[in-house]
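See below for the structure under consideration.
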Amino acid sequence: MKILFLSVFITFSLQLSLQTEADFVMTGHNQHLPFRICSIATGTDLVRFDREVSCASYGSNIKTTEGILIIYKTKIEAHTFSVRTFKKELTFQTTYRDVGTVYFLDRTVTTLPMPIEEVHMVNTEARCLSSISVKRSEEEEYVAYHKDEYVNKTLDLIPLNFKSDTVRRYITTKEPFLRNGPLWFYSTSTSINCIVTDCIAKTKYPFDFFALSTGETVEGSPFYNGINSKTFNEPTEKILFRNNYTMLKTFDDGSKGNFVTLTKMAFLEKGNTIFSWEVQNEESSICLLKHWMTIPHALRAENANSFHFIAQELTASFVTGKSNYTLSDSKYNCINSNYTSILDEIYQTQYNNSHDKNGSYEIFKTEGDLILIWQPLIQRKLTVLENFSNASRKRRKRELETNKDIVYVQLQYLYDTLKDYINTALGKLAEAWCLNQKRTITVLHELSKISPSGIISAVYGKPMSAKLIGDVLAVSKCIEVNQTSVQLHKSMRLTKDSSYDALRCYSRPLLTYSFANSSKETYLGQLGLDNEILLGNHRTEECEQSNTKIFLSGKFAHIFKDYTYVNSSLITEIEALDAFVDLNIDPLENADFTLLELYTKDELSKANVFDLETILREYNSYKSALHHIETKIATVTPTYIGGIDTFFKGLGALGLGLGAVLGVTAGALGDVVNGVFSFLKNPFGGALTILLTLGVIGLVIFLFLRHKRLAQTPIDILFPYTSKSTNSVLQATQSVQAQVKEPLDSSPPYLKTNKDTEPQGDDITHTNEYSQVEALKMLKAIKLLDESYKKAEIAEAKKSQRPSLLERIQYRGYQKLSTEEL
């Protein structure tokens with residue numbers, strides 16, 4: 001029995017599973033409204049609708065006034081003025097003279113302030129003196145002269161080639177003087193250079209110092225005149241003032257240039273420089289405000305505690321206080337005549353026929369230190385126009401001239417009234433929006449009693465579960481199930497004992513589902529609205545005949561006829577009822593905001609007293625001038641020359657004398673060595689040296705071989721004629737003796753006889769022994785024989801020698817005779 005029951009159960013389960021797979025419909029899920037279970041948990045949040053909302057009514061209290069607006073800004077540019085400096089540059093140069101070269105060893109430069117009397121001479125004559133007094137101490141004072149001439153001359157100023165836009169320098173000595181001392185001696189030369197610089201100085205409020213474009217500074221106000229209270233921190237005994245001072249404007253044309261007369265001139269000695277500048281009146285030469293812009297058509301809006309000045313051209317507003325600003329400081333006096341003339345000009349050209357001045361001009365100051373000059377205006381026909389706009393709206397005939405006069409006023413009035421109307425309309429819209437929200441909250445509160453979950457989900461914008469608990473709502477979050485596990489049943493009829501009940505049907509379709517984080521166990525529920533899963537299957541109704549129902553699930557619409565699934569279609573195929581009222585509002589056009597450049601780049605660059613760019617340009621130009629001068633002085637100096645000079649200078653007077661002696665010696669040796677090396681470096685000298693070296697090597701080899709032969713055969717080497725026959729030697733000797741009238745030396749007695757002069761061949765090779773006297777006589781005879789043979793060879797060479805071209809031309813017409821004819 002057990003086996004039979006088990007087999008029947010398995011068979012029934014398989015049939016049920018096959019039938020189940022066929023009775024299910026797979027549902028698509030919706031990301032916005034997923035399948036979920038919305039049941040109230042134990043711990044929930046309590047919420048309520050707040051209906052006590054108060055809406056404040058809108059009322060505009062802004063008053064606008066039209067007028068003319070002039071804006072002044074603080075002048076940040078530094079005050080610039082001309083400064084002229086004077087100095088004398090004393091240069092001591094030590095040189096060492098070599099053969100063809102003068103070496104520059106050391107250079108001592110001392111800069112001294114130019115004497116004030118000489119400054120006046122420069123300003124009027126464009127020249128300075130060639131001497132300068134140098135104080136080493138209170139008791140010692142030396143006078144140096146240019147080129148060591150010991151004569152006080154005048155030197156003309158010449159412009160320096162290196163210049164910039166802000167600096168112009170004049171000098172008297174382009175190249176330092178160099179003394180060419182004795183050869184291989186050290187010498188020292190003196191040069192004096194007068195340097196006058198025309199440059200630009202800058203000072204900034206409160207004008208307690210000024211800086212030159214060369215980088216130098218003066219700690220004092222340029223407006224200090226000796227008696228006023230301006231700041232001046234330099235020693236007052238170093239400054240001098242001259243009234244009605246006449247001077248050359250520039251030194252380009254020398255003393256023939258243009259002269260200018262200045263009211264007051266200041267001369268300050270600071271360090272090694274004399275500074276001079278014109279003392280001006282600060283009140284008349286300085287203006288701390290600068291005109292920025294003028295707005296002929298501007299509006300002023302009055303708020304509770306401030307004024308807003310609006311300019312349509314600038315797309316900006318300037319905020320000020322309501323109290324007028326008084327320009328009591330003397331630094332503002334410079335703009336009084338300026339803004340009054342601008343106001344009068346604009347009024348006469350643009351508003352004279354249509355507006356009247358509504359009182360005098362007013363002055364305000366913004367938080368950004370801008371000064372606003374405001375001239376309020378009032379339209380002459382504004383009152384008439386207001387009465388006209390409130391009168392009857394019927395058409396009236398008007399003359400053409402009247403229409404032209406009224407059009408401009410109407411447009412201006414329309415602009416002002418439209419602004420008020422728009423602001424009022426926006427305020428009313430805000431008030432109406434507030435009232436509408438209040439009423440909507442009341443409606444939602446009442447609807448929450450019918451469908452609390454739907455209302456709460458609409459408010460929060462996501463699926464929520466809600467339940468009315470008395471006067472408040474209990475809210476909880478829905479639990480999402482496994483979206484792929486949801487299966488919709490195809491039949492909505494109740495089953496009773498494995499057969500359908502014909503009287504009862506489900507009001508909502510059945511479905512099975514499982515949770516995401518649980519086992520594969522499935523649960524039974526019913527499909528609710530918006531993909532909500534209703535727990536249980538107790539929602540039934542009496543079955544109706546010819547019934548058609550459509551249920552939405554995910555993105556599909558499932559169609560049931562007579563409580564049985566027929567097919568599915570997309571939700572988008574069902575036309576939606578458009579119950580949403582669109583609010584069509586065109587956005588405002590883009591406003592092109594004008595960039596307000598309060599200070600230009602040029603003004604910002606001029607705001608600083610120290611101009612780094614100008615200082616660096618001046619430094620580089622002066623450096624270039626010094627480099628040009630140094631290249632004219634000397635070539636590269638060997639390091640050992642400067643070292644020797646420094647060493648012997650340290651030994652005092654004895655060292656200087658010893659250094660002079662050693663300098664001469666070392667210089668001579670150095671020149672010889674340098675000459676040899678220079679000759680070897682030359683291509684011709686190098687090639688000649690190689691050839692001479694090869695010749696010397698060949699000569700050594702030749703002498704070595706000759707010495708070797710001499711050691712082996714001395715007779716053949718010393719007396720080469722011994723290898724010849726006796727008769728040829730005797731004939732050559734006798735012919736030479738016959739031609740010589742006076743013998744060079746007396747012959748031995750045994751050579752004067754015929755018997756002795758004609759030796760036999762056997763006697764030459766005789767081997768008898770001789771005495772020392774006979775041997776000496778034989779050596780002398782050999783000597784005479786050698787000399788005779790050599791003379792015979794010379795005579796033979798002359799005999800065969802042809803006359804040269806010069807001899808043939810000189811002795812033309814003559815015939816050469818042979819020696820036998822003589």
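In case you wondered, yes, glycine gets a Cβ from its N, Cα and C as well.
On a predicted model such as this, the values are computed, not experimentally measured, just so you know.
Annotation comment: Swiss-Prot describes 1-22 as signal peptide.
According to Swiss-Prot, the topological domain 'Virion surface' annotation covers 23-683, on the basis of sequence analysis. Mean predicted confidence for the topological domain 'Virion surface' (23-683): the pLDDT average there is 78.
Positions annotated as disulfide bond by Swiss-Prot, on the basis of sequence analysis: Cys38-Cys478 (among others). All protein chains included, Cys38 (disulfide bond) registers 22 other Cβ atoms within 10 Å of its own Cβ. Mapped onto three states, the DSSP output places Cys38 (disulfide bond) in coil.
If you look up Swiss-Prot, you'll see Cys55-Cys434 (among others) marked as disulfide bond.
As annotated by Swiss-Prot, region 'Involved in fusion and/or binding to host membrane' applies to 95-101 (among others).
Long-range Cβ contacts of Cys194 (disulfide bond) within its own chain (separation 6+, distance under 8 Å): Phe86, Lys87, Lys88, Glu89, Met114, Val122, Cys128, Leu155, Leu157, Ile171, Thr172, Thr173. The annotation disulfide bond is assigned in Swiss-Prot to Cys128-Cys194 (among others).
Taking Cβ-Cβ distances under 8 Å and a sequence separation of 6 or more, the neighbours of Asn152 (N-linked glycosylation site) in its chain are Leu129, Ser130, Ser131, Tyr145. Marked as N-linked glycosylation site by Swiss-Prot: Asn152 (among others).
Taking H, G and I as helix, E and B as strand and the rest as coil, DSSP gives the region 'Involved in fusion and/or binding to host membrane' (181-188) the counts 0 helix, 3 strand, 5 coil. Marked as region 'Involved in fusion and/or binding to host membrane' by Swiss-Prot on the basis of sequence analysis: 181-188 (among others).
Annotated N-linked glycosylation site per Swiss-Prot: Asn244 (among others), in sequence order. In this view, Asn244 (N-linked glycosylation site) is surrounded by 9 other Cβ atoms within 10 Å of its Cβ, with every protein chain counted.
Under the heading disulfide bond, Swiss-Prot lists Cys287-Cys334 (among others).
Around Asn324 (N-linked glycosylation site), taking its Cβ as the centre, 12 other Cβ atoms fall within 10 Å, counting all chains. Under the heading N-linked glycosylation site, Swiss-Prot lists Asn324 (among others), citing sequence analysis as support.
The feature N-linked glycosylation site is assigned by Swiss-Prot to Asn338 (among others), with sequence analysis given as support. According to DSSP, Asn338 (N-linked glycosylation site) sits within a helical segment. Cβ neighbour count for Asn338 (N-linked glycosylation site): 15 (other Cβ atoms within 10 Å of its Cβ, all protein chains included).
The feature N-linked glycosylation site is assigned by Swiss-Prot to Asn352 (among others), with sequence analysis given as support. For Asn352 (N-linked glycosylation site), the Cβ neighbour count at a 10 Å cut-off comes to 10, with all displayed protein chains included.
Under 8 Å, Cβ to Cβ, and six or more positions away along its own chain, Asn358 (N-linked glycosylation site) finds Thr65, Gly67, Pro376, Leu377, Ile378. Taken from Swiss-Prot, the feature N-linked glycosylation site applies to Asn358 (among others).
Residues annotated as N-linked glycosylation site in Swiss-Prot: Asn387 (among others).
Feature annotation from Swiss-Prot assigns N-linked glycosylation site to Asn390 (among others).
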When the disulfide-bonded residues Cys128, Cys287, Cys334, Cys434, Cys543 are compared by other Cβ atoms within 10 Å, fewest goes to Cys434
Given the transmembrane segment (684-704), its same-chain partners at Cβ distance under 8 Å and 6+ residues beyond its ends are 678
Most Cβ neighbours within 10 Å, among the disulfide-bonded residues Cys478, Cys505, goes to Cys505
Note: among glycosylation sites Asn517, Asn567, least Cβ-dense neighbourhood at 10 Å is Asn517
Note: in the chain of Asn482 (N-linked glycosylation site), residues six or more apart in sequence with C-beta under 8 angstroms of its C-beta are Tyr513, Ser514, Phe515, Ala516
For Cys38 (disulfide bond), the closest of the recorded positions by C-alpha position, picking from Cys334, Asn338, Cys434, Cys543, is Cys543
For Cys287 (disulfide bond), the spatially nearest of the recorded positions Asn324, Asn338, Asn352, Cys505, Asn517, using Cα atoms, is Asn338
